[in-house]
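Participant: Here's a structure for you.
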Protein chains: 2
Amino acid sequence: MQNTRRRRGFEAERELVRKLWSKGFAVMRAPASGARTRLAAYPDVVAIFRGKIYAFEVKYRRDNSPIYIDKNQLEKLLEFSRRAGATPLVAVKRPNKGWKLIPVDMAKQTNSGGIKIDDEVLDKGIGLDEFIAMATSASLKKFIKNIG
Amino acid sequence: MQNTRRRRGFEAERELVRKLWSKGFAVMRAPASGARTRLAAYPDVVAIFRGKIYAFEVKYRRDNSPIYIDKNQLEKLLEFSRRAGATPLVAVKRPNKGWKLIPVDMAKQTNSGGIKIDDEVLDKGIGLDEFIAMATSASLKKFIKNIG
């Protein structure tokens with residue numbers, strides 16, 4: 001049960017990496033969590049498109065229950081993002097419904113200093129294709145402006 | 001012998017990550033090489049300081065023989081760097097002599113499409129502290145200019 005959950009989360013990360021790489025992003029997945037190789041605060045996945053940086057916490061969600069990211073995990077994501085100048089996002093994979101990407105400041109804050117993503121928040125998130133289109137065209141516009 | 005070499009390379013990567021993190025960089029180490037988790041071209045280490053991105057191939061060098069990076073490995077580093085808008089570097093760790101950082105275009109090209117770093121090239125490289133000072137102060141200047 002625990003293993004199945006971990007495996008699904010792992011497969012979701014792999015799918016996100018593969019998709020973003022295929023669309024031209026530089027992508028990096030963190031080493032396995034819990035390893036003593038974690039000397040620094042790592043997000044699950046970092047994706048970069050021509051200088052624009054995105055830090056992802058990846059969540060697999062099978063049912064309709066809310067997703068929680070606790071204070072410790074959230075602070076790691078935010079600390080990495082502050083240092084990098086990255087946009088922090090939660091990427092939620094749902095079976096048969098695809099991905100929803102939620103900027104961290106769109107989530108609800110919990111009393112314990114973490115965040116909560118429920119259906120209301122998920123509805124405001126964007127799909128993976130939509131995210132890719134936005135991230136790559138913004139860079140394209142900037143690129144064209146710079147050479148124009 | 002092979003294991004010792006791998007362990008030293010691994011320890012060098014950890015040292016680089018720790019040092020850059022302690023100086024304010026967002027840093028990420030690639031998952032173990034050879035794993036089927038390598039869906040994308042990863043450098044050994046990626047470090048980001050407020051939007052400026054550096055992609056590192058990390059090499060441990062015990063003696064005075066030249067360091068070679070073969071065509072395949074070089075192309076992965078360059079492909080990631082192109083996508084990310086990163087500066088590609090080779091970070092060379094030498095026992096008792098510290099680090100030398102070599103921008104890829106400072107290395108010598110080999111006939112087989114790779115690069116070679118010999119003593120002459122190493123002499124032109126910069127130390128780790130020097131790199132950190134340059135990378136962080138350049139960002140600081142830009143930051144000051146933007147708010148000034």
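Positions of Cβ are set from backbone N, Cα and C atoms, glycine also.
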Participant: Looking at Mg(2+) binding as recorded in TrEMBL, which candidate out of A:Asp44, A:Asp63 goes with A:Glu13, A:Glu57?
Facilitator: A:Asp44
Participant: Enumerate the residues of the same chain, A:Glu13, A:Asp44, A:Glu57 excluded, that satisfy the criterion Cβ within 8 A of the mean position of the Cβ atoms of the recorded Mg(2+) site; list them in sequence order.
Facilitator: A:Gly9, A:Ala12, A:Leu16, A:Arg29, A:Ala30, A:Pro43, A:Val45, A:Phe56, A:Val58, A:Lys59, A:Ala91
Participant: What are the sequence-distant neighbours of A:Glu13 (Mg(2+) binding site), meaning same chain, six or more residues apart, C-beta distance under 8 angstroms?
Facilitator: A:Arg29, A:Asp44, A:Val45, A:Val58
Participant: When a 10 Å sphere is centred on the Cβ of A:Asp44 (Mg(2+) binding site), how many other Cβ atoms does it contain?
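Facilitator: For A:Asp44 (Mg(2+) binding site), the 10 Å Cβ neighbour count is 22.
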Participant: Within 10 Å of the Cβ of A:Glu57 (Mg(2+) binding site), how many other Cβ atoms can you find? Include all protein chains, please.
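Facilitator: For A:Glu57 (Mg(2+) binding site), the count of other Cβ atoms within 10 Å is 21.
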